[in-house]
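A.B. asks: Quick paste of what TrEMBL says about this protein:
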- A:1-13: compositional bias 'Polar residues' (COMPBIAS)
- A:1-24: region 'Disordered' (REGION)
- A:34-56: transmembrane segment (TRANSMEM)
- A:68-91: transmembrane segment (TRANSMEM)
- A:111-136: transmembrane segment (TRANSMEM)
- A:143-164: transmembrane segment (TRANSMEM)
- A:198-218: transmembrane segment (TRANSMEM)
- A:285-307: transmembrane segment (TRANSMEM)
- A:319-341: transmembrane segment (TRANSMEM)
């Protein structure tokens, strides 16, 4: 589910433009996402051999998948603004803001679990749209605007929590929240056959987010316009795309997904507190960038975000199980990521060499498109 | 290639679903629930000796790296030797994030650890973690911090009463400044329920002076690291150094920074610190620090380990699950700086006696 920008603005706006075939001769193993996926599987197998407990469904796989699901949504939140070549440094604080509104709705207005979630999603969308509106109106870099918004929320959120709560957290748990935290697909049965106890129900939120975001970027005019805006704002404007509105849309989508990730974190840890999202910023970049989404905009990869997130989560979980101490855990994490990315580069070089050294192509390959991941 | 990738990804997703496996719903079985407690209800008298700790693997898990918890590491080894436990570990890789700490805990459980002494990162979240562990049949103790609110889902909580400790520290500050003047409170993360309790403890002591002592706005969020605390102290002394007569600190880094800052500024400010870092103790000896309030991390790890082993080996059960016991806090001044540790060791012994009254043992 990856969505490159089309070659020209006109093509980009054609809803049913034919899918362009990749150049023939490029081996399947040269694809970045497949390489990362293989790496995840190999690392999983390696950790499993070294520590068979790695395959413990209840104690390892279940929390691992819950983490991957949550950080994938965090990654998607960043991916939306990366698609237009922007950044959202306030992704974590947007999650905290949205969950603050959700917490108020549970605590003061006694809303149900999903009504509160809906309120949080609306709040996230609104704060994201506000960031986008400021960027579009002022022309100030998204880095600066979202950083300023981050500081604003950093000051505001604790004030609200301390004035409304005793323990700087909304501890009211609406019915269903505890179950959502612990239930797996084993609790979903058709007749006598139930799902896997290793897959948390919370992961379904990530699946829905991936499907919706993937559909927007690969199947809709809006998605193509967003990618076009990311690829070249000027070209997009000349093609009649309302780029200012697309900037607001991308940031609103980012805020909405940040809110969803905040909800998943609140459910999986147990309460809605001011510190929600503090750990979101780095993982929000890590997943999409590892997965092939471009920082410069114009290309996104939803599957890549999932796989990139899974890679870091699997490495961390494996190192946890191997009993690696704090002093060396982050060193190993960094080293493995470095090796993974170097391997990826070597694979690309080998692929280029095999294409160049192989039999002549029946037709010359099309030129490298702007925004194509390398 | 995009289409091929999509197909591959779908195949992998399908494979992953199959690999994780479907299950068949067993007839008339609940999906979860805590195991039944099968210990006897015999009442104990005198010290309880652990009969067999070989099946107990104890994990002591702070929220992250912090000097306060370093005694836990050595005390875990003492627990292993004294109680002949099957294994012990000390894991500080939680990095002050509740999600990461939960992952560390579940990974240790997967490796066979079955008794957990935990300092929860988030007092408002940690009960959910305790509930998860209890539901899987593990013994759980909340060490050095209790969950926020009225409920403790762990078997017990052995912690400093942070509000009482802050109250003691504020009283010591008020006494040091002669009962009147302006004081300021330096502490940690504002959005932490323990910080709120510390703030309440200091305010209570100030309120008891009927206006003779006033408190400047509390300075929070400066326990992240020493340099953050040093900067805050330098700013405070530069702007209000002449106005302040006393500084009460209820977090580690602000305590060290205040002791250093006041000493180098040569202002006549009385500092009351927390914990017994070597710098603070030398400050007490030299007179630069008026007093410090020390806690009992060794007692928490030693008595907590003993209790968890009794519970996990099923030799004992708690009469009242979730009971909260104060592990003690001790005001140290120049007068008792050389002997305060004896007081602390004595408290650790009485803790075992206090807990014995809470146990039903075979």
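Quick reminder: no glycine exception, Cβ is built from N, Cα and C everywhere.
Please treat TrEMBL annotations as automatic predictions, because they have not gone through curation.
Mind mapping these onto the model and telling me what they sit next to?
C.D. replies: With a threshold of 8 Å between CB atoms, the same-chain residues lying at least 6 positions outside the transmembrane segment (A:68-91) that come near it are 128, 131, 135, 142-143, 146-147, 149-150, 153, 200, 202-203, 205-207, 209-210, 213, 217, 226-227, 229-231, 233, 246-247, 250-251, 253-258, 260-261, 264-265, 268, 277, 280-281, 283-288, 291, 293-300, 302, 305-306, 308-310, 312-313.
Residues of the same chain lying 6 or more positions beyond the ends of the transmembrane segment (A:143-164) and with a Cβ under 8 Å from any Cβ of it are 87-94, 96-97, 100, 104, 107-108, 127, 130-131, 134-135, 170, 273-274.
Residues 1-3, 57-58, 61-62, 65-66, 68-70, 72-73, 76, 79-80, 83, 180-181, 183-185, 187-188, 226-227, 253, 257, 260, 263-264, 267-268, 300, 302, 306 of the same chain lie 6 or more positions beyond the ends of the transmembrane segment (A:198-218) yet place their CB under 8 Å from a CB of it.
Same-chain residues lying 6 or more positions outside the transmembrane segment (A:319-341) and placing a CB less than 8 Å from one of its CB atoms are 36, 39, 43, 47, 50-51, 53-54, 60, 290, 311-312.
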